[in-house]
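Here is what Swiss-Prot says about this protein:
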{"type": "BINDING", "residues": "K88, H120, R139", "note": "isopentenyl diphosphate binding site"}
{"type": "BINDING", "residues": "D127, D133", "note": "Mg(2+) 1 binding site"}
{"type": "BINDING", "residues": "D127, D133", "note": "Mg(2+) 2 binding site"}
{"type": "BINDING", "residues": "R138, K220, Q258", "note": "dimethylallyl diphosphate binding site"}
{"type": "COILED", "residues": "274-301", "note": "coiled coil"}
{"type": "TRANSIT", "residues": "1-33", "note": "transit peptide"}
Amino acid sequence: MLFSGSAIPLSSFCSLPEKPHTLPMKLSPAAIRSSSSSAPGSLNFDLRTYWTTLITEINQKLDEAIPVKHPAGIYEAMRYSVLAQGAKRAPPVMCVAACELFGGDRLAAFPTACALEMVHAASLIHDDLPCMDDDPVRRGKPSNHTVYGSGMAILAGDALFPLAFQHIVSHTPPDLVPRATILRLITEIARTVGSTGMAAGQYVDLEGGPFPLSFVQEKKFGAMGECSAVCGGLLGGATEDELQSLRRYGRAVGMLYQVVDDITEDKKKSYDGGAEKGMMEMAEELKEKAKKELQVFDNKYGGGDTLVPLYTFVDYAAHRHFLLPL
């Protein structure tokens with residue numbers, strides 16, 4: 001459930017620097033080190049336009065993908081979560097950015113990008129249910145089950161999962177994406193949401209047991225980031241080795257954002273500093289892991305504007321109002 005913490009408005013992404021490598025560092029010397037200083041990209045790359053344009057396109061395509069049909073109630077519940085204001089759109093943006101890294105066509109990536117957001121929304125609907133995490137609020141607004149009831153929320157989530165697969169098959173341009181690639185995309189998403197992915201993480205989160213915290217973080221939060229990056233790589237024509245680098249990158253980013261959210265929440269609750277220090281160290285380690293994988297592409301292809309959006313996922317986490325030890 002990648003980036004499933006508090007809502008972040010589009011303006012927050014717009015506040016990212018247009019030239020990442022010239023980002024002025026306003027944090028204290030003990031602050032988390034940003035990858036911006038080493039991020040590739042030309043002086044002319046307009047990051048703000050990239051993010052706003054891409055998110056606007058994704059929102060439009062998601063709106064078109066889920067029209068209200070009969071019975072209207074279930075479609076309204078589906079749209080409530082998928083089109084929610086404040087949604088970060090991290091999975092679809094990461095997918096498109098990874099596709100474009102390898103020269104892929106954005107038009108080829110949009111159907112899968114939208115499918116990833118549908119799956120992400122479905123997982124959050126189910127996550128918030130009283131029988132799961134019992135969260136009455138999502139992104140500052142009532143959760144799906146709070147508005148529509150638990151029964152309808154379950155149905156809305158159940159409907160979004162197959163709709164995601166259907167959308168990939170019916171909307172992916174056959175002249176841009178081979179059938180074999182479509183099959184791999186579906187397999188990747190199915191693995192992510194199933195008993196070896198997010199479902200496993202949610203199970204352990206519910207039941208506990210002899211599992212390390214990293215297992216829950218990897219399965220429940222890292223899996224969606226991993227899937228988003230890999231799907232983009234598949235659409236862009238990445239090699240198997242490159243897909244593995246994307247897999248490690250996405251997993252690290254997904255886990256990083258959750259750790260950051262946990263740190264922020266702990267600061268609000270004034271927990272003891274010992275646990276917080278451990279989480280800060282974990283966040284720094286995850287950040288470095290994500291950067292390491294991107295540097296593989298930087299070294300291989302000589303950097304360039306196409307890497308900047310993927311670096312910003314790491315940089316944005318690094319500047320979310322918390323400090324890490326050097």
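One-based numbering along the chain as shown.
The backbone N, Cα and C atoms fix where each Cβ goes, glycine too.
Annotated pair R139 (isopentenyl diphosphate binding site) and Q258 (dimethylallyl diphosphate binding site), C-alpha to C-alpha distance, rounded: 15 Å. Ranked by Cα separation from D133 (Mg(2+) 1 binding site), the binding-site residues H120, K220, Q258 are led by K220. Distance noted between the C-alpha atoms of R138 (dimethylallyl diphosphate binding site) and D127 (Mg(2+) 1 binding site) is 10 Å.
Other Cβ atoms within 10 Å of the Cβ of Q258 (dimethylallyl diphosphate binding site) number 24 in total over all chains. DSSP gives D133 (Mg(2+) 1 binding site) a coil state; it is part of no helix or strand. Listed binding-site residues: D127, D133. The one with the lowest count of other Cβ atoms within 10 Å of its Cβ is D133.
Model confidence over the coiled coil (274-301) stands at 86, taken as the mean pLDDT rounded to a whole number. The Cβ of K220 (dimethylallyl diphosphate binding site) has 26 neighbouring Cβ atoms from other residues within 10 Å, across all protein chains displayed. Max Cα-Cα distance over the annotated dimethylallyl diphosphate binders (R138, K220, Q258) is 17 Å. Cβ-based neighbour count (10 Å, all protein chains) for R139 (isopentenyl diphosphate binding site) stands at 19. Residue annotation for isopentenyl diphosphate gives K88, H120, R139. The furthest Cα pair among them is separated by 14 Å.
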